[in-house]
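Q: So Swiss-Prot lists the following for this protein:
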type    : residues                                               : note
BINDING : Gly36, Leu37, Asn38, Gly39, Ser40, Gly41, Lys42, Ser43 : ATP binding site
DOMAIN  : 3-236                                                  : domain 'ABC transporter'
Amino acid sequence: MAVLIENLSYTYPDGRNAIKNINAHFEKGKKTAVVGLNGSGKSTLLYHLNGTILPQTGRVNILGEEVSKKTLNSVRKKSGFLFDYPDHQLFLTSVYEDIGFGLKNLGMGRGEIEAAVDRILKKLNIEHLKDYSPYQLSLGQKKICAIAGVLVMEPEIIVCDEPFSGLDSKVKAAFKAILDDFSKEGKTIIFSTHDQDFCYEWADNVYVMNEGELIAGGDAVSIFNNAEVLQRAGIVMPKLARLFGHKNPAPRSVEDALNLL
């Protein structure tokens, strides 16, 4: 088990109950999506999965370690977080410095940091961006540089809040390829999204949130063919599920669907 959540609730200082009594588990090596409308509690839930927010009530366990103030450094080595807005994690004078920032905080030596940063720049094919200020980059470039700063830490889990929002199709494909490579290494991906078509094709498992509550969870095909759950959450059924959900097995991609015709 990568992540276990038990009876997790969180109330913001303004009195808003963001999430209420959440119980969930995220399987190791799987891609799990968290879906729901804006304000349903997705981001607040994800913020708990690397200690960005600490539990008020309930427990969060990351790869066998309970999240608390004392375990934050250890937890964040295991679970990296990618914010919806990359400006939240790109704030130094150059891309190179930003990518190495987390390693520096861990007390790693300069030579080790430089070697690790050089490796990830080459792996993601962004060596040409290393001397740029983050403020000179496009949104897509910022997102890829931000995930480089996560991957350089070599976490077992990546938590992504709306990783594809605002990206054009070309950058989205490049970003998906990065996550695919991470997944092929047997690592765990947990992400929120409003793109139900992509989620239906790519996610292994799905959790559905509505008004701070977790109302359903299961494999992607089962969840996205459950009209009652989708209606309650205000989610539109993915096109492939709407057209071919009655098939067994149901096609998960356009290519698979074309093979049925």
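Backbone N, Cα and C define each Cβ position, glycine as well.
Fair warning: this is a prediction, and the values are worked out from it, not measured in the lab.
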Q: Counting other Cβ atoms within 10 Å of each Cβ, which of the binding-site residues Gly36, Gly39, Gly41 scores lowest?
A: Gly39
Q: In the structure shown, with every protein chain counted, which of the binding-site residues Asn38, Ser40, Ser43 has the densest set of Cβ atoms within 10 angstroms of its Cβ?
A: Ser40
Q: Of Leu37, Lys42, which of the binding-site residues has the most Cβ neighbours inside 10 Å?
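A: Result for the most crowded candidate: Lys42.
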Q: In which DSSP state, out of helix, strand and coil, do we find Lys42 (ATP binding site)?
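A: The residue in question, Lys42 (ATP binding site), is helix (DSSP, three-state).
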Q: What other residues of this chain sit with their CB within 8 A of the center of the CB atoms of Gly36, Leu37, Asn38, Gly39, Ser40, Gly41, Lys42, Ser43, the recorded ATP site?
A: Ser192, Met209
